[in-house]
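Below is one structure; the comments refer to it alone.
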């Protein structure tokens, strides 16, 4: 837990920043204290080391206390306060150079979400980036702790492994890596080809595009460094829970030709218009609750997938769970809600649509196909935000489901006795939906440009080897 102290020359400014920051709080995950101005009615502008010391002591029931300051003597007063404090409390205190207003707001969101002190400081130091982008200014180098650049071997121990997974370190094995390295008391960095990310973010790992035969290095420093490296090495030896070779595709018995009546399945439309909302805390709370309900859905889908198919299929949805349970996503949406005073739905759409586009633009076809997983998660969260129920169409055997694209969670819920095939105008044979369809014994054709010209109830044949649809 990280608590914050706001130090300002002006009592009004300090209270105002505190008022803004409290709008970010949805729980008791972060306490705020204010030490602003001096007790001199004739000359109230200034800072008082005793006030700073007392403010720090009032929130000292945390692992760390981060002190945010405005200018000049605020820093001197904070440093003097450290000398006055009990050494045990002073050891918890960090002074932050971030801008007072933007930095305090970003730090509050990060601390309230449960981030550690280094991440809270990093977010505070990067707080001006959104404003720079909006003003068309070039981005500044990101302030980060261990992730800013490759860690010197002299500063950390490391282990390198060669990835043997057939499809590289995609979402499912990456989620196992996140889980395996969570909880170690160590600073950890994953490095591939000079690019570094922290292993607590599934999205960052996926965007590294770690392919088969790539070398991946984990660097660690801290009390649990050796244990973390051993866990990484052990997981790599097990190929991150996957076979080294791709499992043979399981096809339906009549895979070469499947016939049925068309059932058009319109892709759910989730485009959210921007809505203004000054209730920042309320919108952030709505989003948190929708994410929590979506995480519950994904746990249920994981259980269903394991009961219906296999642990491999279940790992798709446990991977979705890990991907969604990334505090950086929620923090980014909270920043948008705060900075743009918009609805939770619009902010969440911006964050996940941007992530989906990042996947679409990867040059690894297997990872590129994961864009639909992000959109599946986005759709499910927006359903909860808007309190909207949704049901699959009614199918009568034999049917051919026709759509622009299809979510993995939709394919999971199809009955293979009724749905004999899926025909998509877009889609990918490498998608998780296609993997589930193969295990279910449902034929699938993707990239059929004329798919949406088919009519409901029309009889069609899917020619799988020829990758074409035969009408009539």
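Any Cβ shown, glycine's included, is placed from N, Cα and C.
Swiss-Prot annotations:
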type	residues	note
DOMAIN	1-135	domain 'PTS EIIA type-4'
ACT_SITE	9	active site, tele-phosphohistidine intermediate
DOMAIN	156-243	domain 'HPr'
ACT_SITE	170	active site, pros-phosphohistidine intermediate
REGION	266-472	region 'PTS EI-like, N-terminal part'
ACT_SITE	432	active site, tele-phosphohistidine intermediate
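Recorded features from Swiss-Prot, shown on the structure.
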residue: 9; record: active site, tele-phosphohistidine intermediate; DSSP (3 states): coil
residue: 170; record: active site, pros-phosphohistidine intermediate; DSSP (3 states): coil
residue: 432; record: active site, tele-phosphohistidine intermediate; DSSP (3 states): helix
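In this structure, of the active-site residues 9, 170, the smallest number of CB atoms within 10 A of the CB marks 9. Within the domain 'PTS EIIA type-4' (1-135), the DSSP-based counts of helix, strand and coil residues read 66 helix, 22 strand, 47 coil.
Taking a C-beta cut-off of under 8 angstroms and a sequence separation of 6 or more, residue 432 (active site, tele-phosphohistidine intermediate) has the following same-chain neighbours: 316, 369, 370, 372, 373, 408. Counting only the Cα atoms, the space from residue 9 (active site, tele-phosphohistidine intermediate) to the residue listed as 'active site, pros-phosphohistidine intermediate' is about 51 angstrom. DSSP labels the residues of the domain 'HPr' (156-243) in these numbers: 33 helix, 22 strand, 33 coil.
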